[in-house]
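What TrEMBL records for this protein:
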- 413: active site, nucleophile (ACT_SITE)
- 413: active site (ACT_SITE)
- 288, 317, 338, 386: S-adenosyl-L-methionine binding site (BINDING)
- 6-64: domain 'TRAM' (DOMAIN)
Ligand code: SAH
């Protein structure tokens, strides 16, 4: 790489876009110096203005396209340009699936050094809109009222939003309704700079199969002015509400939730189904956001696990036990481990709810609990991992290599850490057999994949 960048700030140049970054920016190269440009697609050509120059890469702004991609489409959402939520609305859905396939294939080769692994075409949605079952929106003040929506790109300015096209409509209705009711009772939004005001975020969760709704009001203060009336008005406006919860977060932080959660009205949980299994979901528990594709993903995980009914299975990072209970139907015994205590409470309740008795759940770090189980003589024929974006802890991977389950099923929401971890397993006598990407997050760059990994004999 040249010591000196080949472009200067404010240069206007013609470029050819070759690739797309994980953030969804087009990549153009000038003498091998990469420039990242929002809203440009691979295969396109155009004029850009250089807006930022770092040592090894820079950023540009698209001024004009001279050649457009056949996959370019008009974004369906009117606020797409300002909002940071979606990155791919300007690309056709088939183009999105191709990009995600390529992303998985590329990292497996580049990071995992796994050239020969079979990667299947991405399983996409028939209708890739209105799929999310959970909305979490920041609230702000405006002259005479409240706004609720999303942060403008790279800032904490809140843009008011009436509809989000990847949300299930009920969540839009909840956000609008709660905003109006809180406005009516003069509840102030939280002000980040002054650390004053009450309402920080509104969260809405919708049970896709049951139609049940949970509303969480995340507040700075323990008290909510006119709380009783707020609750009554919400119930009158949205009869499908089964649970209204308050979470108190008194800290100066970007983290949404605080430690204190209390029920204001109704149940502590709402219910939903994935396949034929019923799940109780509480405010703080992780639950997959795309229920339709979750079924596709879990069926793939189940298929990759190859269960006959005789196996002991460990589900690391089990959340509320979704995958554990899915697998328990086909296994002899399942052990699930998860770090969030409330999620394990939900997991136990979910086992009971479905009359499933061959599962046990433990609270703790997978990398701590699984070695303990191993030393107590609990071993697994099949081990499933579904870690957060940072991937598996190395201690856990080492334990897997020692325990030698005949099969590992890796469910991943980040192809880069998947590839890194597959390499570690490959170096420890495992072989990645196939990888199936599933599109859980249409219109965004996020990409989910499940891998089947076998012990080499
Ligand atoms: N399998 C579940 C949850 C997957 S999300 C599902 O599909 O619904 C990842 C989960 O891992 C989250 O619930 C998170 O709380 C949990 N987690 C994060 N770090 C962990 C760790 N070190 N050990 C165990 N669980 C962890």
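Yeah, the Cβs are placed from backbone N, Cα and C, and that goes for glycine too.
Taking Cβ-Cβ distances under 8 Å and a sequence separation of 6 or more, the neighbours of residue 288 (S-adenosyl-L-methionine binding site) in its chain are 274, 294, 297, 322, 440.
Taking the mean position of the Cβ atoms of 288, 317, 338, 386 as the S-adenosyl-L-methionine site, the remaining same-chain residues with a Cβ inside 8 Å of that point are 286, 315, 318, 319, 322, 323, 387, 411. Note: the Cα of residue 317 (S-adenosyl-L-methionine binding site) and the Cα of the residue listed as 'active site, nucleophile' are spaced 13 Å from each other. Counting residues of the domain 'TRAM' (6-64) by DSSP class, helix then strand then coil, yields 0 helix, 35 strand, 24 coil. Here the binding residues for S-adenosyl-L-methionine are 288, 317, 338, 386. Their largest Cα to Cα distance works out to 15 Å. Comparing the recorded positions 317, 338, 413 on other C-beta atoms within 10 angstroms of each C-beta gives the minimum for 413. A sphere of 10 angstroms centred on the C-beta of residue 386 (S-adenosyl-L-methionine binding site) encloses 26 other C-beta atoms. Separation of the C-alpha atoms of residue 338 (S-adenosyl-L-methionine binding site) and the residue listed as 'active site, nucleophile': 17 Å, rounded to the nearest whole number. The two recorded residues the residue listed as 'active site, nucleophile' and residue 386 (S-adenosyl-L-methionine binding site) have their Cα atoms spaced 8 Å from each other.
Mean pLDDT for the domain 'TRAM' (6-64) in the predicted structure: 95.
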